[in-house]
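One structure is given here, and the rest of the page talks about it.
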Amino acid sequence: MNPQAKLIFITSLLLGTTITISSNHWIMAWAGLEINTLAILPLISKSHHPRAIEAATKYFLVQAAASALVLFSSMTNAWCTGQWDITQLTHPTSCLILTSAIAMKLGLVPFHFWFPEVLQGSPLTTGLLLSTAMKLPPITLLYMTSPSLNPTLLTTMAILSTALGGWMGLNQTQIRKILAFSSISHLGWMAIILAYNPKLTLLNFYLYVLMTTTVFLTMNSMKVLKLSTLMTAWTKVPSLNAMLLLTLLSLAGLPPLTGFLPKWLIIQELTKQDMAPAATIISLLSLLSLFFYLRLAYCTTITLPPHTTNHMKQWHTYKPTPTLIAILTTMSITLLPASPMILTLI
């Protein structure tokens, strides 16, 4: 892709995100979401492969429908209450429509079908943007409207997202699809606590972005797209593989790694809110996603490919680990002891 064009698209992404997260008026927030959608489409379809074009088309249709619903919910609210302010979304019907619209934007169950397909058709770097940066504006809108949203609806969608995200990821061999289902599962954890403690939703989102960025950049550095390639990648960059193992375990939420922190705090908060059954169910459902993280980790470092089949070992490259990946991995593994400091910041 032309560097000038890429610069324009990335700048537009930053601009759209900034407009949405800093706006008070629904029309401004909607405009920011539209700029974001239009800026990411060329990045999805830049390879001109039929799969990429299909992914871009699916993404456009879903996001256009979600944006129309955002506009419809804000107009309904303005019609009934006279308020265009984002934090003044008080009409119950508007709240339900907005929850559905943001769920479509994010890929929460039952509006999750587009996300794995779009991620599978995109390059890894665009997949990283779709999994992290593109989720920030909708999460911000949820954060600003959280006092008005229906807790029962959010809890139901969250438990279904964690269940389906874990269950549908079990049988996948494509790494981008596994990471898409991982994202859906994590969104469930963010949604369940939104109505009770929105700051924990943001903390969970920030740590999820940190760990997912590490995984995507590592995979991109190793040029790995499916499990069979991952099995032979240990000969190429052994140090990166070891770092990927720890980051995947952190993404699974195992103590004493960073990923355990948001799960621990969310379970604690749910218990305080007399929602111990929901906390138990979502904890048990996260064991499903733990399985495919462990499978990825197993393929990364433990599995030696069978010697009977003819496969090509990849060349061992003596390139040093990129500094950014090293920093992100360190943060993805070691932030749990700093949790008291993190809690004072949120």
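Residue positions begin at 1 at the first shown residue.
Using the three backbone atoms N, Cα and C, a Cβ is placed for every residue, glycine included.
From a predicted model like this one, the values you see are computed outputs, not experimental measurements.
TrEMBL annotations:
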type	residues	note
TRANSMEM	5-21	transmembrane segment
DOMAIN	23-288	domain 'NADH:quinone oxidoreductase/Mrp antiporter transmembrane'
TRANSMEM	56-76	transmembrane segment
TRANSMEM	96-115	transmembrane segment
TRANSMEM	152-171	transmembrane segment
TRANSMEM	178-196	transmembrane segment
TRANSMEM	202-219	transmembrane segment
TRANSMEM	240-261	transmembrane segment
TRANSMEM	281-304	transmembrane segment
DOMAIN	290-343	domain 'NADH dehydrogenase subunit 2 C-terminal'
TRANSMEM	324-343	transmembrane segment
*Taking every residue in the domain 'NADH dehydrogenase subunit 2 C-terminal' (290-343), what is their average pLDDT?*
80
*asked:* Suppose I define contact as three or more CB-CB distances under 8 A, residues 6 or more apart in sequence; do the transmembrane segment (202-219) and the transmembrane segment (324-343) meet it?
replied: yes
*Going along the chain, which residues at least six beyond the ends of the transmembrane segment (178-196) come within the CB cut-off of under 8 Å?*
106-109, 112, 115-116, 119-120, 127, 131, 135, 139, 142-143, 146, 149-151, 154-155, 157-166, 168-169, 172, 204-205, 208, 212, 215-216, 251, 262-263, 266, 269-270, 273, 275, 278, 282, 285-286, 288-289, 292-293, 296
*Of the listed stretches 5-21, 56-76, 240-261, 281-304, which one has the most C-beta pairs under 8 A with the transmembrane segment (96-115)?*
56-76
*At an 8 Å Cβ cut-off, counting only pairs 6 or more apart in sequence, do the transmembrane segment (281-304) and the transmembrane segment (324-343) clear the bar of 3 or more pairs?*
no
